[in-house]
Every structure is written in C-alpha cells, then in structure tokens.
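Have a look at the structure below before the remarks.
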Amino acid sequence: MTITHAPAPAPEAHAALPLDAPDHERVLITRGPRSGLTIIVAVHSTALGQALGGARVWQYPHWTDALADALRLSQAMTLKNAAAGLARGGGKSVVCIPAGETLDEARRHDAMLDLGDAVESLGGAYMTAEDVGTSAELMAVVHERTEHVCGLPAEQGGVGEPADATAAGVHAGILATLEHVTGSRDVAGRHFVIAGLGQVGGRLARALAAGGARLTVTDVFEGKRALADELGATWVDAADAHRVEADVFVPCGLGGVLTPEVVRELRVRAVVGAANNQLASREVAELLRERGIAWAPDFVVNAGGVVYLDLASTPGIGQDELDARIAGIGDTVGAVLREADATGSTTLEAAERLATARLDAAR
Ligand SMILES: NC(=O)c1ccc[n+]([C@@H]2O[C@H](COP(=O)([O-])OP(=O)(O)OC[C@H]3O[C@@H](n4cnc5c(N)ncnc54)[C@H](O)[C@@H]3O)[C@@H](O)[C@H]2O)c1
C-alpha cells in the first residue's frame, strides 16, 4: 500500500476553533465503531454541487484541533472548487489519530470503512478522495461502504492519484506568474527555489529543469538530495531556502510557510507553489503586496488535482478537455494577478472575489 503523503513530523499550521459560528452546511462528528477513532466530515457548501474534498488521516493533539482543521479545510475547498470553475461544493474529512498513537494497517483499514459509512450517511452531499495520510488504495477500502468516493486505483477502474495533474496546474500557474512579473513565460535561465521535493515538488523540479531553469532546492528529508544531484540543482538548508535571491519561490511542503518574518526576508519577485494554506495569516497577503512580491493564491494554483479527480471521473470528458482545464489554471492565475494590480487589492482578495462571484451566481 502506498501512502501518498508520508506523514511529516509537524502538522500544517492548525487554526484554533473559530470563535464565530461556522457557516458550514453540515458537520458530522462520529466515533468510528470499528476503529474507535474520531471521524469528522465537514460539508461547507453544496451551492455549486456535491461537495468534493480529500480525506486526511493525521495526528492531532486534541480532537478539537481535528475539527478546526476540517472546518478550515472544507471552507478552503469551496473557494478552490469555485475558483477552478467546477460544479462542486467544498468539503473535507478528517480521521483523528490521538496524540501518541500510531495506526497499524488493520486499524487504518477499519478507519477507512468507518469513513465510508460516515460519508454514506450524508446521502451524497459529499464525495471524498485521497489526501494527506491516505491513498488510492485506501479509497478503494472506503468504496466498500460508499459510492461517494473518487480517485480509486486504475486497476480497479478508478482514475488514480492526482499528483501529475496538480503538478501540471502548478506549472501552468508558475508560467503565468512569471509572465506577469517578467513579461515572458520562458523559464530558461530563470532561478526557482523549490521547497519540498515530494510528489508535486519533485515533478515540478523535473519540469522546470527540463525547461532550462536554474534550480535551488530543499527538503526536510535529506534523502531528496539525490534528486537535486540528478537535476544539477543547488541544495540549500530548508531553514534558509526563503532567503535565496531568485526569481520565484515555490513552496511545495506543508502549509503556513509564509509568516511575516519569512516574507520580510524573501528575495524573489514571486511566490507560487503547491502547498496548501501557505499564508500563516491573512495579513501576510498585504505584506506580500507591500513588498511587491506577486503571490499566486494557493487554492487557485493547486486545483489541478481536484479538477482531475472531478472531470476524469465524469463520463464524456476526454483527455484534451481535461488538459485544457488544467492548463486553464494558468489563465486564472494571470487574471487574478492582473485584477489585484488593477484594483490595488491583495491577490488573496482578488481570488476570493472570483470564487465568491461564482458562488453568488449559483445561489
Ligand atoms: N498531491 C496533490 O495532488 C496535492 C494537491 C493539492 C495540494 N497539495 C499540497 O501540496 C503540498 C505538497 O504535496 P505533495 O503531494 O507533494 O506532498 P508530499 O508529502 O509528497 O511532499 C511534501 C514534501 O515536502 C517536504 N517538506 C515538508 N515540510 C517541509 C519544509 N518545511 N521545507 C522543505 N520541505 C518540506 C516533505 O519532506 C516532502 O518531501 C502539500 O501542502 C499538499 O497539501 C498536493
């Protein structure tokens, strides 16, 4: 069994439970009868269609941290799916591993059956998929209990995992951002700093190197040095990556990477990468604007995976249309960057306006 996203030592920046009442349509909190684990399914919005978002299996200090994560991530999926032009709402599910516990294969399998029952109980309001700590193989287990799951292994008739599509979408976003800040989409001779050489970052590194880009790369996992050597990239310590003078910083590790301190030290013209929830707080978007650094909002840039999962599972959609939709992420990124410049707003605000306009139109 492949776990696509190897659980990393530290979770993404987890928000505390919001003080304001959530505006989610439905939130299910249940103890899985087989696994004994807390399972949360948050359906933020079905305004555009059935909610779609991955299932995360992660260790949290307390189950309320898992709830906060599910609330925040499902809300972000509403924006991501709307900005990508999908007829999909936003949702997310989280299986909470209690602090200090690890899951053996049998309990992880049980957790997936429990998750399948939880998803099924929502009557089709939400469709799940793989995410951090899950995989296409585990989605096949979920499928034993519900039809509302996508991204099953290809050998079981599914569309598989979405990392290729995510990387293709981020690549399109990088080219659009490069054009915005330099006037050209040509990566040859341009300097990129890629932080995180996992499924998406590794693919991007290869694609950019093939285009003649100059690369500086890092990962908290030293074993990734081999890829750096293979591509002739310069390796930098993870803690120093954001200080490297370059054209574009490409965060492809975990979220929360753009803190005020990091942004003050950036020496690039643009930031565009796959990592979810890159901003440590909303204010950071303004700081990036003030520093004249073009930030391509993550939920626009990294939508290739969900576009793939949705459209590849839809009968009648061919490869050409799928490729065009993923490449279209570059057009959306370009439009967001131009709109932000034209209105003097942050790119975050511009992207949120685009997504909410689509949501409002559907209501
Ligand atoms: N895989 C997808 O289809 C997809 C889709 C949308 C968003 N994302 C997001 O993109 C990011 C990368 O996804 P992935 O599938 O490549 O994950 P992955 O787990 O395969 O790779 C992440 C890599 O980043 C490294 N890393 C973690 N923290 C780091 C840090 N502080 N500095 C440097 N390296 C660090 C890890 O060691 C790992 O090699 C994640 O935030 C993920 O949520 C992925």
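Each Cβ is built from the backbone N, Cα and C atoms, and glycine gets one as well.
Source: prediction; values computed, not measured.
Taken from TrEMBL, the feature active site, proton donor/acceptor covers LYS92. The NAD(+) binding site annotation in TrEMBL covers GLY196, LEU197, GLY198, GLN199, VAL200, GLY201.
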**OP:** Go through GLY196, GLY198, GLY201, the listed binding-site residues, and name the one with the sparsest Cβ surroundings, counting other Cβ atoms within 10 Å.
**Re:** GLY198
Subject >> C-alpha spacing of the residue listed as 'active site, proton donor/acceptor' relative to GLY196 (NAD(+) binding site), in angstrom >> reply: 23
Original post:
Does anything in the same chain, at least 6 positions from LEU197 (NAD(+) binding site), have a Cβ under 8 Å from its Cβ, and if so what?
Top reply: ALA205, VAL217, THR218, ASP219, PHE221, LYS224, LEU227, ALA228, CYS252
Original post:
In Å, rounded, how far does the Cα of VAL200 (NAD(+) binding site) sit from the Cα of the residue listed as 'active site, proton donor/acceptor'?
Top reply: 20
**OP:** Indicate whether the residue listed as 'active site, proton donor/acceptor' is helix, strand or coil by DSSP.
**Re:** strand
Original post:
Which one, from the recorded positions LYS92, GLN199, VAL200, has the smallest tally of other C-beta atoms lying within 10 Å of its C-beta?
Top reply: GLN199
Original post:
Using Cα coordinates, what distance in whole Å links GLN199 (NAD(+) binding site) and LYS92 (active site, proton donor/acceptor)?
Top reply: 21
**OP:** Could you measure between LYS92 (active site, proton donor/acceptor) and GLY198 (NAD(+) binding site) for me? Cα positions, answer in whole angstrom.
**Re:** 22
